[in-house]
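Structure first, then comments.
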Amino acid sequence: MEEQSKNKISEEEKQLHGRPSRRKGGLITMPFIFANEMCEKMAVVGFHSNMISYLTTQLHLPLTKAANTLTNFAGTSSLTPLLGAFIADSFAGRFWTITFASIIYQIGMTLLTISAIIPTLRPPPCKGEEVCVVADTAQLSVLYIALLLGAIGSGGIRPCVVAFGADQFDESDPEQTTKPWNYFNWFYFIMGAAVLVAVTVLVYIQDNVGWGLGLGIPTLAMFLSVIAFVGGFRLYRHLHPSGSPFTRLIQVAVAAFHKRKLSMVSDHTLLYFNDEIDAPISLDGILTHTKHMSFLDKAAIETEKDNLKPDQIPNLWRLSTVHRVEELKSVIRMGPIGASGILLITAYAQQGTFSLQQAKTMNRHLTKSFQIPAGSMSVFTTIAMLCTIIFYDRIFIKIARKFTGLERGITFLHRMGIGFVISFIATLVAGFVEIKRKQVALDHGLLDKPHMEIPISFMWLIPQYSLHGVAEAFMSIGHLEFFYDQAPESMRSTAMAFFWMAISIGNYASSLLVTLVHKFSAKPDGRNWLPDKNLNQGRLEYFYWIITLLQAINFVYYLWCAKIYTYKPVQVHHSNSKEPTESWVSGELQLSKKT
C-alpha cells in the first residue's frame, strides 16, 4: 500500500474512495441500512432482552450466575468489535465485514433456537416444590457456543454498521444538507423502534406462546437483515480500507522512541509532511499540528540518518508524517472521555437483571386477564429514549442553536454531560423505589414468599426505566458522535470499536460489582444484599446507591476531562474550492469554512 502512495490518487481511485463523478451514497442508501439495522436490532434484542428468564426458568440457573452470564456475554460482545474493526479498516472493508459477521450471528441464533425446541437440550421442567435440575455441562455448552458465535458476529457488525451509514454522507461537500450528526439521531431512533417491537411483541411470545417461536422470529429477522443490507450494494459509498490503523499508531510510537533524545524543533513547519503518502488516509483533510504531547512530534523530525531523497518513501518505523503523529494524538486524547462512559453502562445493565427481577415480584396487570411481561419493562426505557430523540432533533437543537451559534445546537461533550446527570438521578430513584417495594411486601407479610405477587403496581418502576432512556438519548448518542467525529477518518471502524469496548468494560464492571457485593455483603445466617432466591430479603437499594455514588465520582472526572479536551484540527478541502481551510472539528467555536 505504501508503494501505491507514491503517486497521487487517480480519478478512478477517488471514485472508489467515495468521490465519484457519479454520486453514490446519501439518503438513497438509508432504507437499506435502516432496514438492516431494524431487523438486526429486533433480532438481537428479541434474542437477549428476556434471556434472564430463559436462563432461570428453562435452564434453572441461579439468579447471580444467570445475571453474570448475560453481562459477561454482553461484555464479550462489546470487546470483539476491536477485532472486527481491525479486519474492516485493514483489508476487508466495512461492507463485507458486516455481511460475513451477520452470517456468523445467524448461525449462533439458529443454534440457540434449536436448543429451545429440542427437549433434550434443556433440563426437565420443575415439578412442584422439588429442587429444579440445573442444566448439565452438555446443555450449557450449547448455550455458550451459541452465545460465543453471537459475540463474534457482534464483533463485525457493531463497529462497522454505524460508521458505514455515516460514510454515506460527505461532510466536505457543501451542497450536502444532511449531516452525520443528523444520521446518528435517525440511526438511534430506528434502533429504538426495533427494540420497542422486540421488548413487547417478542417477549410476550416468549413468555406466553413458547421459546421456540419466541427465538425463531428473531432468527428469521436476522436473515432478512442480511438480505436487506446486501440489496443496496451498488448504491453504497464504499470507502476502501487503507491499511492497519494499529500498525500506523505503533510506527509513530516506535519512531518517537527511537528519536526520544533529540531536541524538539523550534518551528513545527520543519517537521516532516508528505501529503502524497497520507492521501489514502486523509480524503476528508490532513490533520494539522497540535502542541499537545510534543514528545510524539519527535517521530516527525527528519535527521541525516533518515537519508531521505526526493520522492522517496521513508522508513515509517523511523520517520512519520505529522498527519500520522496527529492520528496517534487523537486516539490518546479520546481515551479519557471514552472511558467516562463505562459506569453509565454499569448502571444501565441492571435493567436486564435486578430491575427485571423487581418487576417479576410486582403487580403487572393492565387488565384482569393481561399483564405486562417482566422482560417488556424496558419498553418504557425505549419509549422515553425515542421521545427524547424526537424532542432533541426537532426542538432542542433549534432552541440551543440560537444561544450557542453551533449548527448541532450543543457539542457532543455537553450532550454527554447531560446524560451523566440524568443517569445519576435514575439509579438514585431506583434505590428509593426498592425501599417502597419491600415495605409493601413487609406490610402484607410477603418478605419470606418470593414467588408471591406483591400488591404494588409495576408503575413504580417506570421513573427509573424512563430516566435511563432519557440518559441514553443524551449520553449514548453523544458518546457515539464523539468517537466517530474525533477519530481519524481512516480509523472510524476502530473508533466504533472503542465505543463498544467502553460498553464491554461497563458490563464486565457490572459483573465484578455484583460478584463483590454478593461476596462481601454475605452474613453468617445466609442473608445477602443480592440474594439468589429471595430478592425481598436483600438490600438491592444499597447496591443501587453504590452505583449512584460511583456515577457522582465519575461525573466529576468527566468534567475535568471535558475541560482539558482538545478537538482535532483538520485542514479541509471542499469540492468547489482548492484552497484549504483549517477547522477545529466539532469544537465549541466552529471556524468559518471557505466554500
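Sequential numbering from 1, following the chain as shown.
Using the three backbone atoms N, Cα and C, a Cβ is placed for every residue, glycine included.
Caution: TrEMBL annotation is automatic and unverified by curators.
Worth saying up front: this structure is predicted, and the values here are computed from it rather than measured.
Taken from TrEMBL, the feature compositional bias 'Basic and acidic residues' covers 1-16. If you look up TrEMBL, you'll see 1-23 marked as region 'Disordered'. Annotation comment: TrEMBL describes 95-121, 141-165, 186-205, 211-236, 331-350, 370-392, 412-433, 465-484, 496-522, 542-560 as transmembrane segment.
Counted over residue pairs separated by six or more positions, the transmembrane segment (370-392) shares fewer than 3 Cβ pairs under 8 angstroms with the transmembrane segment (141-165), which leaves the two as not touching.
Most Cβ pairs under 8 A with the transmembrane segment (412-433) among the ranges 186-205, 465-484, 496-522 are made by 465-484. Between the transmembrane segment (542-560) and the transmembrane segment (331-350) there are 3 or more Cβ pairs closer than 8 Å, counting only residues 6 or more apart in sequence, so the two stretches are in contact.
Three or more CB pairs closer than 8 A are found between the transmembrane segment (496-522) and the transmembrane segment (141-165), so contact between the two stretches is assigned (pairs 6 or more residues apart). By number of Cβ pairs under 8 Å, the transmembrane segment (211-236) is matched best by 95-121 from the list 95-121, 141-165, 331-350, 465-484. Within the same chain, residues 162-163, 166, 180-181, 184-185, 188, 334, 337-338, 341, 344, 347-348, 351, 355, 377-378, 380-386, 388-389, 392, 412-416, 418-420, 422-423, 425-426, 429, 492, 495-496, 498-499, 502, 586 sit at least 6 positions outside the transmembrane segment (465-484) and bring their C-beta atoms closer than 8 Å to a C-beta of that stretch.
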